[in-house]
Amino acid sequence: MAMAVRVAAGLVVALLLAGDASAATLALYNRCAETVWPGIQPSAGKELLARGGFQLAPNRATSIRLPAGWSGRVWGRQGCSFDAAGRGRCATGDCGGALYCNGAGGAPAGHAGGDHPRVHPWPGRTSTTDLNRVCPAGLAVRGGGGDNRVVGCRSACAAYGAPQYCCTGQFGSPQQCKPTAYSRLFKTACPKAYSYAYDDPTSILTCSAGASYIVTFCPHRR
């Protein structure tokens, strides 16, 4: 069984394969007009796949085998430039200025039974909608070198770092951290995606164990 997850480039998909699930395949397809550099970050203690990142040209696809029990995050980076040693930077989704992300990171929340792909607009954004078109000015990431185009859209947490947006400090529980005007805007655009940290009830998609996944960047592009 294959599950399709369609995302805007520069956004985050988190995958959790249950411990008793068999190995699966993750297919990444770039429908964007420009190159995307997928980044892969395993959860703590999990295998680093594809060296943590690679280049994916427009209209190209690649497949990665996911070991049984693997969990981690996959996202698309844009506007990247790297030297021969793999050092550089990306306009969006940068991971420490490296082509090969270092693989550090904590585990996403776990759930019993089956596989649970989680599509996150928090801290990245995942959607079939081009969120750059509706991104609030304070969250917009614009191209450099005189290019004023919106090339990415940050979460309110990433943009402002305030506890009420990041669900930290006194807002560090589902009871205290509630949707904001920003999260509601993204939820309207992407009903199945995470709009803030405690958006679990409407954002977890469940497949049978052993499912494979197809992640398409820029699905809105014709």
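Each residue, glycine too, has its Cβ placed from N, Cα and C.
On a predicted model such as this, the values are computed, not experimentally measured, just so you know.
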(message) Which residue in the list CYS153, CYS166 does TrEMBL annotate as forming a disulfide bond with CYS157?
(response) CYS166
(message) According to TrEMBL, the disulfide involving CYS167 connects it to which residue among CYS153, CYS177?
(response) CYS177
(request) Could you identify, going by TrEMBL, the member of CYS90, CYS101 that forms a disulphide bond with CYS95? (result) CYS101
(request) Spatially speaking, which of the disulfide-bonded residues CYS95, CYS135, CYS167, CYS177, CYS218 is closest to CYS157 (disulfide bond)? Use C-alpha to C-alpha, please. (result) CYS167
(request) Provide the three-state secondary structure of CYS153 (disulfide bond) computed with DSSP. (result) strand
(message) Under a three-state reading of DSSP, tell me whether CYS166 (disulfide bond) is helix, strand or coil.
(response) helix
(request) List only the single closest residue to CYS177 (disulfide bond), chosen from the disulfide-bonded residues CYS32, CYS101, CYS153, CYS218 by CA-CA distance. (result) CYS153
